[in-house]
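Here the structure is laid out as structure tokens; the discussion comes afterwards.
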Amino acid sequence: MKWTISCLQFDISYGKPSENIKKAEFFIEKESKHADVLVLPELWTTGYDLANLDELADEDGRSAQSWLKKTAKKHGVHIVAGSVAVRKNSDVYNTMYIADKEGQIIKEYRKAHLFQLMDEHLYLSAGSEDGYFELDGVKSSGLICYDIRFPEWIRKHTTKGANVLFISAEWPLPRLDHWKSLLIARAIENQCFVAACNCTGSNPDNEFAGHSLIIDPWGRVLAEGGREEGIVRAEIDLQESAEVRESIPVFDDIRKDLY
């Protein structure tokens, strides 16, 4: 089985959900004819306007889910819908939704690791469940930005069988080298595909790196964006993950008696 995955890399308008939704719809309209799965960046409706999240957050995720269901069904495409700020009671979570091409929400994942350097912990609550899901029978996982710095968290998903890691981010330009190195390492050590969608542009506090990446289980970069807005697309052969795991049986050699 093969998938074409497209990362929709764009400049997120700071604190302006209506503008960002229009931009996402433009890219989805443009790319849905060419891909099986579309991936959006982190906090793509609001950007990191953390100080105003109390006002901007989507109550129970109702607006985001309604939009996502209609959009995925209209275009007949699976969407890993980046993440949005969702209010649940008194908490706000950095939340990823995944919709299948029939317009059904099949997974909700809340970012588990909050990045204190950008004050996330002051405005957001951390999730406590993993991002594992199956899409068209393909074992997959969704993760958000800072999560990729925690290999133990990634391994939890791949030991459940995930062959594709979908990652949404707002990764800053000064740490672009970390972004690339971490993603390639996660692909190699877990023998899986990685599709990582970053944003570009800037906000009042940060300049973002772009360079969305699609990586195969050997750690080879299949597609990479630049600093500008655009589509990062690659076709992947999903059988390759199983073949790599068979050729170098890392998972069979894990020393559970030691770690």
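Backbone N, Cα and C define each Cβ position, glycine as well.
Now, the feature entries from Swiss-Prot:
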- 3-238: domain 'CN hydrolase' (DOMAIN)
- GLU42: active site, proton acceptor (ACT_SITE)
- LYS111: active site, proton donor (ACT_SITE)
- CYS145: active site, nucleophile (ACT_SITE)
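A 10 Å cutoff on Cβ-Cβ distances gives LYS111 (active site, proton donor) a total of 26 other Cβ atoms nearby, all chains included. Here LYS111 (active site, proton donor) is positioned 10 angstrom away from GLU42 (active site, proton acceptor), judged by their C-alpha atoms. Secondary structure from DSSP puts CYS145 (active site, nucleophile) in a helix. In this view, GLU42 (active site, proton acceptor) is surrounded by 25 other Cβ atoms within 10 Å of its Cβ, with every protein chain counted. For the pair the residue listed as 'active site, nucleophile' and LYS111 (active site, proton donor), the Cα-Cα distance reads 8 Å. Within 10 Å of the C-beta atom of CYS145 (active site, nucleophile) sit 24 other C-beta atoms, taking all shown protein chains into account.
The predicted model assigns the domain 'CN hydrolase' (3-238) a mean pLDDT of 98.
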